[in-house]
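**Q** My questions all concern the structure below.
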Amino acid sequence: MEPRKNVTDFVLLGFTQNPKEQKVLFVMFLLFYILTMVGNLLIVVTVTVSETLGSPMYFFLAGLSFIDIIYSSSISPRLISGLFFGNNSISFQSCMAQLFIEHIFGGSEVFLLLVMAYDCYVAICKPLHYLVIMRQWVCVVLLVVSWVGGFLHSVFQLSIIYGLPFCGPNVIDHFFCDMYPLLKLVCTDTHAIGLLVVANGGLACTIVFLLLLISYGVILHSLKNLSQKGRQKALSTCSSHMTVVVFFFVPCIFMYARPARTFPIDKSVSVFYTVITPMLNPLIYTLRNSEMTSAMKKLWRRDLISSST
């Protein structure tokens with residue numbers, strides 16, 4: 001389907017046009033992106049190499065880190081480049097590609113967090129059947145399903161926006177291509193289209209978030225049946241999951257579970273779930289996880305020994 005448009009490229013307005021402020025933001029976002037890449041790559045490598053991190057929880061955690069790597073890379077490099085070089089133009093096709101990648105991995109993360117909550121539920125509420133229920137092929141299927149869910153969500157978003165007429169202006173008041181800022185530039189009535197976007201994005205996020213809250217409520221209720229040591233370990237694991245869920249879902253729900261319009265605060269909220277959350281996820285999951293930190297230390301020592309011999 002060929003897009004009906006006159007606009008061939010867009011201009012991303014970004015955060016500021018002040019050169020001094022752009023330099024400060026460049027350093028800040030570059031640091032955030034480096035920390036995101038290092039932290040998430042470290043988790044992927046550690047889980048892949050370590051023999052002690054073979055449980056489904058770490059398999060899904062590595063999958064989450066991989067998603068965060070691609071998700072962050074679909075947005076941050078162009079943002080950093082624009083702040084450094086001052087080139088904020090993006091072609092129509094590149095804008096659509098960014099939109100597709102960002103939503104396929106963002107959608108996949110939504111479903112994967114639901115899968116991780118189910119894994120946590122089985123581990124705490126059905127510990128004797130955990131290894132039977134969460135067999136390797138089941139984990140692979142659940143991971144694939146989360147990716148398929150993200151793919152379908154992204155295809156639907158792209159199919160909504162791709163064929164719409166963009167007659168001008170071409171200035172996007174944002175730092176990346178997203179649905180609501182793009183709909184603002186469409187030269188036709190977008191009320192019905194906005195409702196579809198809300199249903200596919202905001203409503204889906206809200207339903208999954210409510211399911212997650214219910215599942216964690218059941219898990220917390222089940223903690224009273226565990227020993228004090230088991231309760232502390234389970235509470236540590238679940239609190240990490242819940243922190244990540246809140247950090248990711250609350251901004252997403254604010255952005256997409258509302259009428260298709262833009263607000264000045266949107267850029268700041270978008271930074272939180274596109275830049276900050278992918279950077280914080282490795283810290284949240286590793287700082288309170290003794291098994292993960294121990295495996296990372298062993299991997300670090302092994303690298304030091306091999307490099308010195």
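A Cβ is built for glycine as well, from the same backbone N, Cα and C atoms used for every other residue.
Features from Swiss-Prot:
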- C95-C187: disulfide bond (DISULFID)
- N6: N-linked glycosylation site (CARBOHYD)
- N87: N-linked glycosylation site (CARBOHYD)
- 1-23: topological domain 'Extracellular' (TOPO_DOM)
- 48-55: topological domain 'Cytoplasmic' (TOPO_DOM)
- 78-98: topological domain 'Extracellular' (TOPO_DOM)
- 119-137: topological domain 'Cytoplasmic' (TOPO_DOM)
- 157-193: topological domain 'Extracellular' (TOPO_DOM)
- 218-233: topological domain 'Cytoplasmic' (TOPO_DOM)
- 257-267: topological domain 'Extracellular' (TOPO_DOM)
- 288-309: topological domain 'Cytoplasmic' (TOPO_DOM)
- 24-47: transmembrane segment (TRANSMEM)
- 56-77: transmembrane segment (TRANSMEM)
- 99-118: transmembrane segment (TRANSMEM)
- 138-156: transmembrane segment (TRANSMEM)
- 194-217: transmembrane segment (TRANSMEM)
- 234-256: transmembrane segment (TRANSMEM)
- 268-287: transmembrane segment (TRANSMEM)
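Tell me about the setting of these features in this model.
**A** Under the three-state DSSP scheme, C95 (disulfide bond) falls in the helix class.
Long-range C-beta contacts of N6 (N-linked glycosylation site), restricted to its own chain and to partners at least six residues apart, with a cutoff below 8 Å, comprise P165, F166, C167, G168.
With a 10 A radius on its CB, N87 (N-linked glycosylation site) counts 12 other CB atoms from all the protein chains.
The residues of the topological domain 'Cytoplasmic' (48-55), classed with DSSP into helix (H, G, I), strand (E, B) and coil, number 2 helix, 0 strand, 6 coil.
Taken together, the residues in the topological domain 'Cytoplasmic' (119-137) have a mean pLDDT of 88 on the 0 to 100 scale.
If you look at the topological domain 'Extracellular' (157-193), the same-chain residues 6 or more away from its ends with a CB under 8 A from one of its CBs are 1-7, 9-15, 75, 78-79, 82, 90, 92, 95-96, 98-100, 102-103, 200-201, 255-256, 260-262, 266-267, 270-271, 274.
Using a Cβ-Cβ cut-off under 8 Å and counting only residues 6 or more beyond its ends in the same chain, the topological domain 'Extracellular' (257-267) has close neighbours at 15, 173-175, 179-181, 183-184, 190-191, 193-195, 197-198, 201-203, 205-206.
Same-chain residues lying 6+ beyond the ends of the transmembrane segment (99-118) with a Cβ under 8 Å from its Cβ atoms: 57, 60-61, 63-64, 67-68, 70-71, 74-75, 142-143, 145-147, 149-155, 157-158, 161, 176-179, 182, 204-205, 208, 211-212, 215-216, 241, 244-245, 248-249, 252, 274.
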**Q** Give the distance between the Cα atoms of C187 (disulfide bond) and N87 (N-linked glycosylation site), rounded to the nearest whole Å.
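**A** The separation of the Cα atoms works out to 26 Å.
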**Q** In the same chain, which residue numbers or ranges, 6 or more beyond the ends of the transmembrane segment (56-77), come under 8 angstroms Cβ to Cβ?
**A** 29, 32-33, 36-37, 39-41, 43-44, 47-48, 98, 101-102, 105-106, 108-109, 112-113, 115-116, 119-120, 123, 134, 139, 142-143, 146, 175-176, 237, 274-275, 277-279, 281-282, 285, 292
**Q** These are the disulfide-bonded residues: C95, C187. Which one scores highest on other Cβ atoms within 10 Å?
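**A** Per the Cβ count, the most surrounded site is C95.
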**Q** Looking only at residues six or more beyond either end of the transmembrane segment (268-287), which have a C-beta under 8 A from one in the stretch?
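**A** For the transmembrane segment (268-287), the sequence-distant neighbours (Cβ-Cβ under 8 Å, at least 6 residues beyond its ends) are 29, 32-33, 35-36, 39-40, 42-43, 61, 64-65, 68-69, 71-72, 75-76, 102, 174-176, 178, 240, 243-244, 247-248, 251-252, 254-255, 293, 296.
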**Q** Taking residues 6+ outside the topological domain 'Cytoplasmic' (119-137), which of them lie with a CB under 8 Å of any CB in it?
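**A** Non-local partners: 56-57, 60, 215-216, 218-219, 222-223, 226, 234, 237-238, 241.
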**Q** C-alpha of N87 (N-linked glycosylation site) to C-alpha of C95 (disulfide bond): distance in Å?
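**A** Roughly 14 Å, rounded to the nearest whole number.
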